[in-house]
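> Annotation source Swiss-Prot lists CTP binding site at Gly8, Arg11, Arg91, Arg137, Arg140, citing sequence analysis. The annotation ATP binding site is assigned in Swiss-Prot to Gly8, Arg11, Arg91, Arg137, Arg140. The Mg(2+) binding site feature in Swiss-Prot is assigned to Asp21, Asp23. Here Swiss-Prot flags 228-329 as domain 'HD'.
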Amino acid sequence: MKFYLVGGAVRDNLLKLPIKDRDYMVVGAAPEQMFELGYKQVGKDFPVFLHPKTQQEYALARTERKTGSGYGGFSCDASPDVTLEEDLLRRDLTINAIAQDDKGELFDPYGGIKDIESKMLRHVSDAFVEDPLRVLRVARFAARFHHLGFTVADETLALMTKISQSGELEALTSERVFLELDKALSTQNPQIFIEVLNQCQALEILFPEIHALFGVPQPEKWHPEIDTGIHTLMVLAQAAKLSDENSVRFAALVHDLGKALSPKATLPKHHGHGQSGLALIKVLCARAKVPNEYRDLALLVSDQHQNVHNIRELRPETLIKIFDKADLWRKPDRLEQLATACEADSKGRLGLENSPYPQADYLRESFQVANSVAVKPIIEAGFKGAEIKEQLKLKRIEIVTEFKRNFNESAIE
């Protein structure tokens, strides 16, 4: 019986990255031997055990054989005669197929260390195509390690494309697809996840609403990058720089879905695209089982980003309507999320990545002013029921009008 540290812990140690989880592989052992040592079994589909003291996972070395469709269509053999090399052969990427024994010696039968040195994401074997989930995993690794210079090997991208064309991606559950998207959104470069999925033809299958944006032109005057798909990638990249919140990053990703619906006769203009995109966002979120928190912010950003861009020109009444629609009185955190997503949209344009976005501060300040109106004096003045709400609205419009006047006067000075 031999124990090996495997997978992400070995990879991240070689990359000099923080190690989050440690997974171990056990060669030459049967479940009965693990029980005798005090380990508790937790895996149903294949033997995974928890260490009696550390609670870390120890999996018996195993091989896998494709028996059906999807990422669950496998049977496995975890007998004691499965070798280290056989177990590592079933793994997705060479950088994840390195093992380390208890003396620190590395075992790298498939060239993972060389690929780490050359910054390459490469499949271990042609069995890669048997698991459609690997398309999403590799795209996520590409996003996660992009800042280190990693790219996907051409031959691996070819196998990912083969999976996309096979129809196997349809076997993935909505929950699993969103889980991979959510993990990718939390990386430094989530736009790479979308880019890689597009390169291997998976984007049009998993997220057709996003794929439809590529090739849709925008006015060059406002969008030097022209292509709406490219703009979307740039906005997502900016959102990742401006916010750690995945909900903000998701809103940035889907804020322009309506541009794919613009009539060809009106291109490259996209009148009302924020509103026309709302139905597409709802469809995408329902299909992918996106959390309500993400969906609601995405709908708000799509609906209002044009207004925020032009906020200086809006009437005070319109500003209050935006605050009402966003429910900022009860959910003030949304203000920062909305401002950040709109700033990402503005900066997600070729050559304008470092341009200022004063609209965000104007939005913050105008809401702060409107939110300073107290309801107590209104009640004390004798107003009741619906009258209170109406008076509150009028007072807010009045004070925002004064703020707008003072702001404009100071701008002239």
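Sequential numbering from 1, following the chain as shown.
Just so you know, glycine gets a Cβ as well, placed from its N, Cα and C.
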> What does DSSP say about Asp21 (Mg(2+) binding site): helix, strand or coil?
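For Asp21 (Mg(2+) binding site) - judged by DSSP and reduced to three states - the answer is coil.
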> Rounded to a whole number, how many Å is the Cα of Arg137 (CTP binding site) away from the Cα of Asp23 (Mg(2+) binding site)?
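Pair distance, Cα basis, whole Å: 18 Å.
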> Inside 8 A of the center formed by the CB atoms of Gly8, Arg11, Arg91, Arg137, Arg140, which other residues of the chain have their CB, for the recorded CTP site?
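Not counting the recorded site residues, we get Gly7, Asp92, Leu93, Ile95, Asn96, Phe141.
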> Between Asp23 (Mg(2+) binding site) and Arg140 (CTP binding site), how far is it from one CA atom to the other, in Å?
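Per the Cα atoms, Asp23 (Mg(2+) binding site) and Arg140 (CTP binding site) stand 20 Å apart.
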> Taking only the residues the record lists as binding ATP, namely Gly8, Arg11, Arg91, Arg137, Arg140, what is the largest Cα to Cα distance between any two of them, in Å to the nearest whole number?
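Pairwise Cα check on Gly8, Arg11, Arg91, Arg137, Arg140 gives a maximum of 16 Å.
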> Per DSSP, what is the residue count of the domain 'HD' (228-329) in each of helix, strand and coil?
79 helix, 0 strand, 23 coil
> So if I draw a 10 Å sphere around the Cβ of Asp23 (Mg(2+) binding site), how many other Cβ atoms end up inside it?
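Step by step: centre on the Cβ of Asp23 (Mg(2+) binding site), count other Cβ atoms within 10 Å, giving 16.
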> Which of these binding-site residues has the least crowded Cβ, counting other Cβ atoms within 10 Å: Arg11, Arg91, Arg137?
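Each of the binding-site residues Arg11, Arg91, Arg137 was scored; lowest Cβ tally within 10 Å is Arg137.
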> Could you state the CA-to-CA distance between Arg91 (CTP binding site) and Asp21 (Mg(2+) binding site) to the nearest Å?
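Each residue's Cα considered, Arg91 (CTP binding site) and Asp21 (Mg(2+) binding site) end up 17 Å apart.
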> Can you give me the Cα-Cα distance between Arg11 (CTP binding site) and Asp21 (Mg(2+) binding site) in Å, rounded to a whole number?
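That separation, Cα to Cα, works out to 11 Å.
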> Under 8 Å Cβ to Cβ from Gly8 (CTP binding site), same chain, six or more residues apart: give me those in sequence order, or none if nothing qualifies.
Ile19, Lys20, Asp21, Asp23, Asn96
> Summarise the model's confidence over the domain 'HD' (228-329) as a mean pLDDT value.
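PLDDT averaged over the stretch: 96.
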> Which ones in the same chain are close to Arg140 (CTP binding site), with CB under 8 Å and 6+ residues apart in sequence?
Glu180, Lys183, Ala184, Thr187, Phe193
